[in-house]
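Asker: Below, the features straight out of Swiss-Prot:
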- 26-61: domain 'EF-hand 1' (DOMAIN)
- 54-89: domain 'EF-hand 2' (DOMAIN)
- 67, 69, 71, 73, 78: Ca(2+) 2 binding site (BINDING)
- 92-132: region 'Disordered' (REGION)
- 92-106: compositional bias 'Basic and acidic residues' (COMPBIAS)
- 117-124: repeat '1' (REPEAT)
- 117-132: region '2 X 8 AA tandem repeats of G-H-G-H-G-H-S-H' (REGION)
- 119-132: compositional bias 'Basic residues' (COMPBIAS)
- 125-132: repeat '2' (REPEAT)
């Protein structure tokens, strides 16, 4: 499926694949249990959620907030809410860190300051650190 896909399409595909990597381990196949969500946060989002990844209560609080139907599982739709929040926060951080005196639409490092090649529009698959 990855043949000829754009960078954005590959990114979407990656989010789906990572969700499926964790969602098939316990319980319903297409949802994350609390344990699966914790593993995903700690292994896949440890830079974006630095403090939360080390704090089980914080992970539980995030899951509770996302679990809109309160079934103690995160559906893909509920999980995507977290992805949207992280993308939004990273975008805001890029604008906050950007120098305000240059032209074009290249902004400084996103969450965590990734250095060259990690700015807005120049990602090469590297994450941006994030802490709340």
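A Cβ is built for glycine as well, from the same backbone N, Cα and C atoms used for every other residue.
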Asker: Summarise the model confidence on the repeat '1' (117-124) as a single mean pLDDT, whole number.
Answerer: 37
Asker: Return the residues near residue 69 (Ca(2+) 2 binding site) by Cβ distance under 8 Å, restricted to its own chain and a separation of at least 6 in sequence.
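Answerer: Residues satisfying the criterion: 75, 78.
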Asker: So if I draw a 10 Å sphere around the Cβ of residue 78 (Ca(2+) 2 binding site), how many other Cβ atoms end up inside it?
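Answerer: Summing over all protein chains shown, residue 78 (Ca(2+) 2 binding site) has 19 other Cβ atoms within 10 Å.
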Asker: Determine, for the Ca(2+) 2 site, the additional residues of the same chain whose CB lies within 8 Å of the mean position of the CB atoms of 67, 69, 71, 73, 78; present them in sequence order.
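Answerer: Near the Ca(2+) 2 site, beyond 67, 69, 71, 73, 78, sit 31, 66, 68, 70, 72, 74, 75.
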Asker: How many helix, strand and coil residues does the domain 'EF-hand 1' (26-61) contain under DSSP?
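Answerer: DSSP composition of the domain 'EF-hand 1' (26-61): 21 helix, 2 strand, 13 coil.
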Asker: Tell me the coarse DSSP state (helix, strand, coil) of residue 73 (Ca(2+) 2 binding site).
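Answerer: Its secondary structure by DSSP: coil.
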